[in-house]
C-alpha cells in the first residue's frame, strides 16, 4: 500500500452531560476512514475522559488519502438504547502529504454537532507514512501544494507560471433525496457535510493531476465554490493558477533572474512585495491601464481549442504598435510574438492572481466580463458533468474573445461566480485583459536581449497605464492623452481593473472604497419566462452599475479603480447589483473633469434654481473629497501633454471596424469624450434619484479609511495591530408595494449603516484603515436581504510622514501594543500579540455570545487553542530557540490579507477548506437571527483556529468566507445556515522577534531575510 494512516485518540474535555441521572457521560470514540472503522473503549462517568487509545492504523491508497476525510465521532454509550451522538470532527489529511509541510496533526479539536454546535473538545494525534510510488498511471496528486493567496506566496519564488486550471464535480444533494423525508435533521446535515468534504478532496486531487501534467508543483489563487442547485444537485467547482514554485532557502535566492538587478528586493524575488517597507504590509501588483468593458453574455457552442480559430490570441493587424511610437513598435511586436508562443497551447490563458512578480504585467487592456442565464436541470450522471462544463466553457470563450479584441493575449485577476434562485442560475466571470512578460510563462523562451528591452521599455510607475492597443484602431471610443509621467505613450482618462494596485504605481493622495448599489424589481415567473426576464434586465443593470461607478469616481476626484468586484444576485422578485472597488488618483492619468448637471426644462426658474443648488453641492463635495484624500496633483502644461486623440474622422473609422455590439459602444461613449466635465442629464425622476444618491454617500469619520484591496493606496506606515471581523446583517423588507427607488434607498441605507456601525465599534483604534472589505449580498428568501462583510482593521502611525510617490521607502514602524484593543466596545478577534499578560478578549464580535451556546466559556476556549499549539508554551523572547524558529503565539491569528503586518511568514502548512452546517429548532431561545448567526460564526472561527494550531501554525492568511447561506422559518422557530471558509495555514515570526534572535545569534547562523527555513 502506498500509505499508512495512524490515528491515536488521547482524551476529551468539557463534554456535555448525556446522563441526567448522574450528570455525567459514558463516552467513546469511533474513528472512520473510508470503509474502515475503529472504536475506543468506553470511558465511564466522566466529562473529561482519558482514552489514551492504541494507534489505529489504516492502510489505504494515496488517492483515498486525498479524497477521504478522517471522521471522528464521539458518542455516549447507552446499554438499552441506541448510542447518542455527541458530535463529530472532520480532519483533512492533505496537509500531511507535502514533503515540506507538517509531519503530524496533534491538538485539541472542537467536537461539532450540526444541531447543538460545539460540545467539548477531543485530543487527537494523526500521522501518515507514505511509500514511494512510481506508477505512471496513478490517480493521485500527492505533493502538489495549494494556496488560497492570489499572489506568489512568501518564502517562494515563481520559476514558471503555467496558467489556468479548473475542474468541477457534481452529485446529488442529500438534502433533496427521498430518504431525507424519513431521517433526522442531524443525519441529513451530516450526510451533506460528509459528501461535500469528499467532493472537495476529489476536486483538489483532480486539479493536482492537471498541474502535474503541466509539470507544475503548486496551485496559487485556488478558489473553490459550492453551487447549491436544490433538486438539480450539488456542484463543487474550483479554479486556480498552476505554477512551479521554489522554496527560498538562501540569501542568494533573493536576487532572481526574473527581477531587475537595479530593483532592491527585501523580500522574495517574485514575492508580492518588492517594497522593503511593505514587505510584510503589502503585496506588489504591477497593474496595467484598464478601460472598462461590460459585455452581456452571449451563447456560444462548445468547441475544442484547436478549432477556435476565430478566438486566436494573435492581435489584429497593426494593433499594439500605435501607442509605442517609432521606438515601441518592433519591441511590442517581439514581445507579443514571444508571449503568444508561451500561451498559444492553452485553451484559456487566464490567471487567478491579483498580485504579480515584478515585471510580469506589461500592459492592461481593460476589464472584460461575461454573464449567462441558464435553466438548471437534474444531474443524471454525476460522473459526466458535461452540461456544467459546457456552460463555463462558453463563458470563458467569451472572456477570451473580449481580451483578444482589446489586443491582449491573457486575462489576469480572473474570477467566476454564480447566483441561483429556484431553477435559474446566473453564471458570471470577469477579469482584466493584459499583456504579460513571456519569461515568467515558459522556461528558456526569452532571449537575453528581449529581457533587456523589456526592462528598458517599461517606465517605472506608469508602464502599466499605457494602452496595449493601436490608438488608430481602438476597440472602443476613448479619450487618450500622453502619459503625465513619461510623456511618451498614450494613456486613457480613466482606468478600471480587477487586480490590486502595484507597489511601483505613482499615487497622489490616498484611496477610498467606492461602491455602486442597484436593485431592480421583476415579476415572479417560472422556468424559461423567468430566465428571459432576467436576461433582459442584466444589460441595463450592468450599464447603470457602470454609470454609478464613473459618477462616484469623479465625485471623489480620482481617475482609477482597482480590485473591482461586481455581484449580480437573483431573487424571486428582484435583482440586486453590488460593485466594490478602491478608487485612487494615478499620477500618470489626466486629472478628471468635474460633474456638470443639465436639466431638460431650462425655462422653469425654480427648476433651474434647484439644478444650480445641486451643482454647487456637487462642486463642494468634489473639493472636500480632494482635501480629505490629499489629492493635489502637480500642474502640467498642455503643451507637454499633447492633445487628446482620436479626432472625429479617426473615431468614425474605428467605429466601422468595431466588432462589438452597438450597445457597448454607446455605453462607453457616455464615459469617454473630449469634454472637461462629465455631464449628467436629468430628464426624469430616476436621474434625479441617481444624483441624490451620489450626495448621500457620507465620507468615513475622521481617522478612518477603507478599501477592498489588500493595501490602502497612499499609506505605508502600518503597525502590527490588526483586527479581523465578520458581520452578517439580515433585513426583511416591510412594505409589499416597493418601487425601484424605494428599494434602492433601502439597500443603500443598509450598506451605509453597516459601514457606520463598523466605524463606531472600531472608534478606539483610530487612525486605522479597513482593508480587504468584502461585501457579499444574497437573497435567501422573498423580501429578505442578507449582507455579509468581512474585513480587517489595520492601524497606522499618523505621526510618520507618508510616502506616496516612491515604491521603496524606509522600514515602517512596528508596534505590538494591545492597549487600543482593550478599549474596544466589544472583542473583535480571538487573537493576541506575543505578550501573554494581555491577551485579546474573545474571538471577533462573534465569540462574545458563544459562551451560552457552545457549552465552553470563551476564556476556556482561548486557553484551549493556546494549549493546542504544537509549538510549546512560554514566551518566545524568554526562551532559547533555534534560529528562524516560529514563536509561541497564544491564539491563532486570522486575516483576509496574504501577509501579517510587522511579521514574516516562514512556512506554509497547507490549505484550510471547511464547510459547516448549523440548524436550530429554537431560534428565539438562541437570541433570534442575530444570536444564532453570531454564535455559529464564532464556532466556525474556533474550529478553524483549532485545525491550524494542530498543524503547528499560528495564523490563517488569505482567509475568505466564500459562502454564508441563511434560511429561516419564523413560524416554526427554525433556522439553518451553511458556511464555507478557506485560507492558508502558516507559521509567522514577528520582526521584533527576528531582531532579538539576530542579536543573540551570530549573523552566519541566522539570516533574518530568509525568515524561513524551518526544517521538520
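Glycine residues also receive a Cβ, built from the backbone N, Cα and C atoms like all the rest.
Taken verbatim from Swiss-Prot:
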- 1-109: domain 'C2' (DOMAIN)
- 19, 76, 78, 84: Ca(2+) 2 binding site (BINDING)
- 19, 26, 76, 78: Ca(2+) 1 binding site (BINDING)
- 197: phosphoserine (MOD_RES)
- 265-330: region 'Disordered' (REGION)
- 274-289: compositional bias 'Polar residues' (COMPBIAS)
- 290-318: compositional bias 'Low complexity' (COMPBIAS)
- 293: phosphoserine (MOD_RES)
- 304: phosphoserine (MOD_RES)
- 306: phosphoserine (MOD_RES)
- 317: phosphothreonine (MOD_RES)
- 319-328: compositional bias 'Gly residues' (COMPBIAS)
- 323: phosphoserine (MOD_RES)
- 636-668: region 'Disordered' (REGION)
- 657: phosphoserine (MOD_RES)
- 659: phosphoserine (MOD_RES)
- 661: phosphoserine (MOD_RES)
- 662: phosphoserine (MOD_RES)
- 666: phosphothreonine (MOD_RES)
- 671: phosphoserine (MOD_RES)
Cα-Cα separation of residue 19 (Ca(2+) 2 binding site) and residue 197 (phosphoserine), in Å?
32
Of these binding-site residues, 26, 76, 84, which scores lowest on Cβ atoms within 10 Å?
84
Under DSSP, is residue 197 (phosphoserine) helix, strand or coil?
helix
For the recorded Ca(2+) 1 site formed by 19, 26, 76, 78, which further same-chain residues have Cβ atoms within 8 Å of the site's Cβ center?
18, 25, 27, 77, 83, 84
Where residue 76 (Ca(2+) 2 binding site) and residue 26 (Ca(2+) 1 binding site) are concerned, what is their Cα separation in Å, rounded?
5
Work out, from DSSP, the number of helix, strand and coil residues along the domain 'C2' (1-109).
10 helix, 52 strand, 47 coil
Pick from 19, 78, 197: which of these recorded positions has the biggest number of other Cβ atoms within 10 Å of its Cβ?
197
Whole-number answer please: how many Å between the C-alpha atoms of residue 26 (Ca(2+) 1 binding site) and residue 84 (Ca(2+) 2 binding site)?
10
